[in-house]
Amino acid sequence: MLSRFRGKPEPNLQAGVREEAVGLPESAHVQHEKPQHHMHMPGFNHNGHKITKGIHPDGESGRGGVHPWHFLRICFRSSSHLSLVVNILWPFVPAAIAIHFARPDLHLWIFILNYVAMVPTANLVGFAGQELARKLPKVLGLILETFLGGIVEIVLFMVLLHNSVNNSLIPVIRSAILGSILANLLLCLGFCFFAGGLRRNEQEFDEVISEVGNGQLLMAGFGLLIPSAFYSSLRGSIEDSVLDANVLHISRTTSVILLIAFLIYVWFQMHTHHGLYADSLEKDEERDADRHIDLAKDKLTLTECIVATLIALTCVSLHAVFLVEEIEHVVHEHGVSDAFMGLILVPLVEKAAEHLTAVDEAWDNQMNFALAHCMGATIQTALFNSSLVVIVGWGLNKAMDLNFEIFNIVVLIMAIIVVGNFLRDQKSNYLEGALCILIYLIIAIASWYYPNPTPGTTNTADGSGIASNGTIP
């Protein structure tokens with residue numbers, strides 16, 4: 001019997017190619033194909049690797065277990081050229097750990113080396129999350145990747161909270177919460193718009209990602225604003241002890257509500273409206289400028305993804321502890337304000353991996369992915385991470401509240417309004433990106449000159465209302 005195969009000179013049943021009969025009557029053709037229709041051939045992905053059950057074809061590595069050489073080579077290559085450049089900073093990791101134990105008196109050098117070392121380790125967290133996300137369905141993978149990127153921030157917040165004596169680091173935590181949101185909204189999204197706009201006149205993204213994300217941000221901004229507005233409105237009208245206690249109660253209750261809002265948002269993405277998000281992300285994959293290169297790259301195995309995540313998280317935790325221990329020395333001895341430390345320095349290092357990933361996606365014309373990373377990370381910080389640190393502080397009897405400086409909260413609300421206006425037409429260009437970056441630079445300059453307020457002024461408590469362990473007298 002003569003037969004032909006699609007673009008193949010010889011049959012290749014193992015690759016799942018269907019045989020088609022030629023020169024036979026129609027009835028014979030049907031009879032011939034019927035048993036073929038019910039055959040269950042093993043699945044293979046684009047690289048010819050047999051697909052493991054439960055693993056998405058795009059994430060199939062064709063290997064199992066841990067192969068040290070492949071593991072190191074793939075991790076160093078990372079996901080993009082920018083990430084590859086960042087991996088050159090890995091020698092700072094052992095140097096930062098060594099100087100912490102060898103020369104504990106060099107506070108500034110310990111801070112600088114651990115600050116730099118956070119960048120490649122955070123990049124590895126992001127890369128391991130990205131490799132793991134490839135093995136899962138699109139929406140679930142994206143949510144998991146965003147969450148893993150936010151773990152660095154959670155670790156920093158928890159270390160800051162644990163090391164806060166007499167509420168000394170609470171202002172840094174508050175500033176870091178808002179600084180993380182601003183870094184994602186203005187700096188990261190701005191670079192995404194700018195990088196994508198350099199290659200194309202305009203880039204488009206879907207309404208389901210921009211509108212839902214913008215709505216969540218408005219809700220988060222409202223929730224974070226209320227305790228500060230309450231304090232500012234009543235300060236001087238009632239006793240400070242009563243006012244401080246009420247603000248702490250409002251902050252804790254608001255945190256629980258914001259946490260519920262985050263869970264509803266995740267349920268919306270993963271269950272009820274999963275199809276809308278999946279369609280948007282699939283469109284982006286079709287527009288990916290170098291998808292063929294990404295698909296051809298070697299992948300980590302599932303075990304290697306877990307090993308890379310554990311190694312990265314261990315290093316990140318060490319550097320976070322060493323970094324936080326030196327913050328008070330840097331603030332007091334070198335004149336760096338809490339506002340600049342929290343709004344600018346801490347968010348830049350903790351968000352480095354997410355920013356590199358999002359900018360690379362925008363460069364490849366995957367604006368839905370880039371926007372999902374920026375907005376997803378921002379929403380996680382605003383709704384989940386901020387609530388988590390307040391609730392954990394509640395459990396540790398520490399006075400962690402959401403009573404932000406008026407300067408910080410005004411900057412946040414204005415940033416949400418500006419970005420929401422840019423997202424309205426579902427298009428972006430390099431001009432909008434440049435404007436976002438310039439706004440961030442203005443905020444950075446202002447925060448550098450913003451002094452540490454005297455206790456009892458602006459929105460800082462004078463300590464009379466809440467004890468240092470967070471209890472209310």
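Cβ atoms are placed via backbone N, Cα and C, with glycine included.
Taken from TrEMBL, the feature transmembrane segment covers 82-102 (among others).
Look at TrEMBL and you will find 107-270 (among others) tagged as domain 'Sodium/calcium exchanger membrane region'.
The transmembrane segment annotation in TrEMBL covers 108-127 (among others).
Annotation source TrEMBL lists transmembrane segment at 139-161 (among others). For the transmembrane segment (139-161), the residues of the chain that approach it from at least six positions outside its boundaries are 56, 118, 122, 125-126, 128-130, 132-133, 169, 172-173, 176-177, 180, 266, 269-270, 274, 277-278, 281, 309, 313, 316-317, 320-321, 323-324, 327, 346, 350-351, 353-354, 357, 369, 372-373, 376-377, 380-381, 384-385, 388-389, 392-393, 396, 398, 400, judged by C-beta separation under 8 angstroms.
Annotation comment: TrEMBL describes 173-196 (among others) as transmembrane segment. Long-range neighbours of the transmembrane segment (173-196) within the same chain, counting only residues 6 or more positions beyond its ends whose Cβ lies under 8 Å from a Cβ of the stretch, are 153, 156-157, 160-161, 164, 203, 217, 224, 338-339, 341-344, 346-348, 350-351, 354-355, 358-359, 361-363, 365, 367, 370-371, 373-375, 377-378, 381-382, 385-386, 389, 400, 402-405, 408-409, 411-412, 415-416, 418-419, 422, 428-430, 432-437, 439-440, 443.
Residues 177-178, 185, 243, 246-247, 250-251, 254, 257-258, 261, 375, 378-379, 382-383, 386, 401-406, 409, 412-413, 416, 419-420, 459 of the same chain sit 6 or more residues outside the transmembrane segment (217-234) yet have a Cβ under 8 Å from a Cβ within it. For 217-234 (among others), the entry in TrEMBL reads transmembrane segment.
If you look up TrEMBL, you'll see 246-268 (among others) marked as transmembrane segment.
According to TrEMBL, the feature domain 'Sodium/calcium exchanger membrane region' maps to 307-448 (among others).
Beyond its flanks by at least six residues, the transmembrane segment (370-394) meets 142-143, 145-147, 149-150, 153-154, 157-158, 161, 173, 177, 180-181, 184-185, 188-189, 192, 196, 205, 209-210, 213-214, 216-217, 220-221, 224, 251-252, 255-256, 258-259, 261-262, 265, 277, 281, 351, 354, 357-359, 361-362, 400-402, 423, 470 of its own chain at Cβ-Cβ distances under 8 Å. What TrEMBL records for 370-394 (among others) is transmembrane segment.
Within the same chain, residues 174-175, 178, 181-182, 185-186, 189, 193, 210-211, 213-214, 217-218, 221, 224-225, 228, 232, 339, 343, 371, 432, 435-436, 439, 443, 446, 450, 458-459 sit at least 6 positions outside the transmembrane segment (406-423) and bring their C-beta atoms closer than 8 Å to a C-beta of that stretch. Sequence annotations record features per position, and here TrEMBL assigns transmembrane segment to 406-423 (among others).
Taken from TrEMBL, the feature transmembrane segment applies to 430-450 (among others).
Beyond its flanks by at least six residues, the transmembrane segment (430-450) meets 182-183, 185-187, 189-198, 337, 339-340, 343-344, 407, 411, 415, 418-419, 422 of its own chain at Cβ-Cβ distances under 8 Å.
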